[in-house]
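Asker: Structure incoming, see below.
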Amino acid sequence: MISKEAVLAALSKVEEPELHQDLVSLNMVQNLQIEDGKVNFDIVLTTPACPLKGKIEAEARQAVLSVPGVKEVNIRFDAYVRNDGHARGLMEIPVKNAVAVASGKGGVGKTTVAVNLAVALAQSGARIGLLDADIYGPNVPRMMGVDRLPPIQGEKIKPAEAYGVKVMSIGFLVPPGKALIWRGPMLHSAIRQFLGDVDWGLLDYLIIDLPPGTGDAQLSLAQSMPLSGGVIVTLPQAVSLEDASRGIQMFEQLNVPILGVIENMSYLQMPDGTVVDVFGRGGGEILAKQHQAPFLGVIPLEPAVRVGGDEGKPIVLSQPESAAGKALRQIAEHLAAQLSIAAFKRQGGVKIEMVE
Ligand SMILES: Nc1ncnc2c1ncn2[C@@H]1O[C@H](COP(=O)(O)OP(=O)(O)OP(=O)(O)O)[C@@H](O)[C@H]1O
């Protein structure tokens, strides 16, 4: 007879690699059943986009197989995204984690990154909202292939939806072709509307595309939203790094944790396989080190990324196996892992409470 205690004792030697605590005390092992020599259980990950699922599975299987009498191990994966607590408490909408994507200057691919991260996370099975707060160039609708909101029914505004992502954009509020000058109080009330009057439903992650730069509008926006953390997108060359550094300082000033730095347009792969570093290389990693922030990865310069943006079909969907598609999916996983770590720390390292 194999006892549940013996199996749990074996699993309590397996560490969750990001949270550095064992699977049992993290409450990640559920529905344990033992029948003859067969052991079945669920592992409830902290995000469906977990980058280390394979490692966790291999180690858990090996641990249980080492229990005398065990002949077969069946592991089913499930995920329960941790509630950051911070975002939920302050926002009127039930969002577990809110992440702002920022850049020190325009044109570095911030919106492209925000859109692809949102879609990649939705593909992994998470419930995602994407809020386009870029008052200077709200490009999210175009990149997501949506151009209007659904008709209003009831009291709340329904967000648009594409590729499993709920989308709300400041562009939906402005008549096409009309630029608006946004002043502080107007921005605040628009954001309050986005967060309070939109029927987002329950979200695991809300990704927010901030305007480029680090001026008053950006500060005011970042301040009016209870963020779990911020991500900075930069080009690899030195001049961009100075701008990106200002972006990091903006978050630091607001006490928003830096979840990571992403280097975009890092290299161009030629048809013959050679690689050209159009804008240099390596700057993103240096910047991350300077600020003791996680480095989430590099995205190559690839024409299909732009085509995906222009046609409203992000590259993680249109060409998921391209180098840029793979890079973006990996970055989404790293970001999800950083959010799990941040929520874990914020909650004081307690086990996963599965309360929506
Ligand atoms: N890795 C990439 N490879 C090829 N093209 C890219 C890549 N990343 C972004 N682009 C393209 O570069 C242009 C600028 O990107 P995007 O609009 O995302 O930048 P941004 O930083 O959000 O700009 P802004 O802040 O000015 O709105 C777009 O045409 C986009 O398709």
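Sequential numbering from 1, following the chain as shown.
Each Cβ is built from the backbone N, Cα and C atoms, and glycine gets one as well.
All annotation found in TrEMBL is predicted automatically rather than curated by experts.
Checked TrEMBL, it gives:
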| type | residues | note |
| --- | --- | --- |
| BINDING | Gly104, Lys105, Gly106, Gly107, Val108, Gly109, Lys110, Thr111 | ATP binding site |
| DOMAIN | 4-74 | domain 'MIP18 family-like' |
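Each of the listed features needs to be described in terms of its position in the shown structure.
Answerer: For Gly109 (ATP binding site), the count of additional Cβ atoms within 10 Å of its Cβ stands at 21 [all protein chains shown].
Shown for the domain 'MIP18 family-like' (4-74): DSSP residue counts in helix, strand and coil, namely 21 helix, 22 strand, 28 coil.
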Asker: Specify the count of other C-beta atoms within 10 Å of the C-beta of Lys105 (ATP binding site).
Answerer: 18
Asker: Measuring Cβ to any atom of ligand 1 with a strict under-6 Å cutoff, which of the binding-site residues Gly104, Lys105, Gly107, Val108, Gly109 qualify?
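Answerer: From Gly104, Lys105, Gly107, Val108, Gly109, counting a Cβ under 6 Å from ligand 1 as near, the near ones are Gly107, Val108, Gly109.
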Asker: Can you give me the same-chain residues 6 or more apart in sequence from Val108 (ATP binding site) with a CB-CB distance under 8 Å?
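Answerer: Within the chain, Val108 (ATP binding site) has Cβ neighbours under 8 Å at Pro212, Val233, Thr234, Leu235, Ser240, Asn264, Met265.
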Asker: Looking only at the domain 'MIP18 family-like' (4-74), what is the mean pLDDT?
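Answerer: It averages 94.
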